[in-house]
Amino acid sequence: MNEDLRIYDVAIVGGGAGGIFASTISNYFNLNSILIEKKSYLGGQPMELYPNKFIYDFPCFFEIKSSDVIKKLIQQNKEQKNSNIQLDTDILNITWQTINEQELFLFETNKNSFYAKKIILASGNGSFNPRKLEINNEPIDSPFIHYSLNLETEIYKNKKILVLGGGDSAVEWANYFVEEKITNNVAIIHRRNEYRSSSFMIDCLSKNNILQKLNYEIIDFNESNKTLTIKHKETEKEQTLPFDYVLVQYGQISSPINIELLNQINKEKGKYVIDLNQKTNIKNIYAIGDATHFYCKPNTIITACAEAVRALWHISKNKKDW
């Protein structure tokens, strides 16, 4: 026990959109906070996986790139006098400690140790890696297979692009290539009959003249010929499509934070269960954003930011333990 360590009102775990905004808004509530981020940069999935993806549900913007949202959140945070952010920081352990009859969380990291009165988990899906393209349970590796859009988008100019997947990211990337006038030669291939995306973005696929192949599975990837062979799951009809690049959007495989104290938090579908005030079942621990499970809650940047405000509002109004 070290009584000389600094005590923060709030420790924010994770530097995605929700975490950055929580760090900023903590100043508004006169709470001194520290944000811990494992990577060397802020932004989470929007910066890591889809920096050029357009967002259509962010206030004051008809459309805005996710990376630009993150940049604005970071700039807003930098204007706060008491902003405290630690990058490249691994949390080694979190334990309960009692200092002067007050229960605190002791954080031990690869850089330093400190105390916190409250915790906000803004860790998203944890550390994540993209789900690889597999054929017959064998992962396919190729320089022509991409899992995120290369920022040097000139390499895609007027190229033949195949997008694999049927969720938001796959549908939005397919539209992105056409709408940004990068290339008009785009096809999207999905193993199911229906997309898992907004009706607005799905309608854009037809408006953008994107070739759509629903209910198809991948049966062959030929790197030398640059062709992808697909088979309809019902008719078993095969078709070979040429490509220059294949963009795989099969989602992510996450590795949650493995800390004994945090492992005691109730979870559903791998996410922290919260109440209306973002509280978990563990005293003084809150969770926001993609890290949480709440009935009918959309996982969007604006939702994560709103949840940051809700958690901090509750913390500021309830200074005592709950």
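Backbone N, Cα and C define each Cβ position, glycine as well.
Among PHE128, PHE144, PHE221, PHE243, only PHE128 appears in Swiss-Prot as part of the FAD site alongside GLU37, GLN45, TYR50, ILE91, ASP290. Secondary structure at PHE128 (FAD binding site), taken from DSSP and collapsed to helix, strand or coil, is strand. The DSSP secondary structure for GLU37 (FAD binding site) is coil. Each of the binding-site residues TYR50, PHE128 was scored by the other Cβ atoms within 10 Å of its Cβ; the lowest score goes to PHE128. Cβ neighbour count within 10 Å across all protein chains ranks ASP290 highest among the binding-site residues GLN45, ILE91, ASP290.
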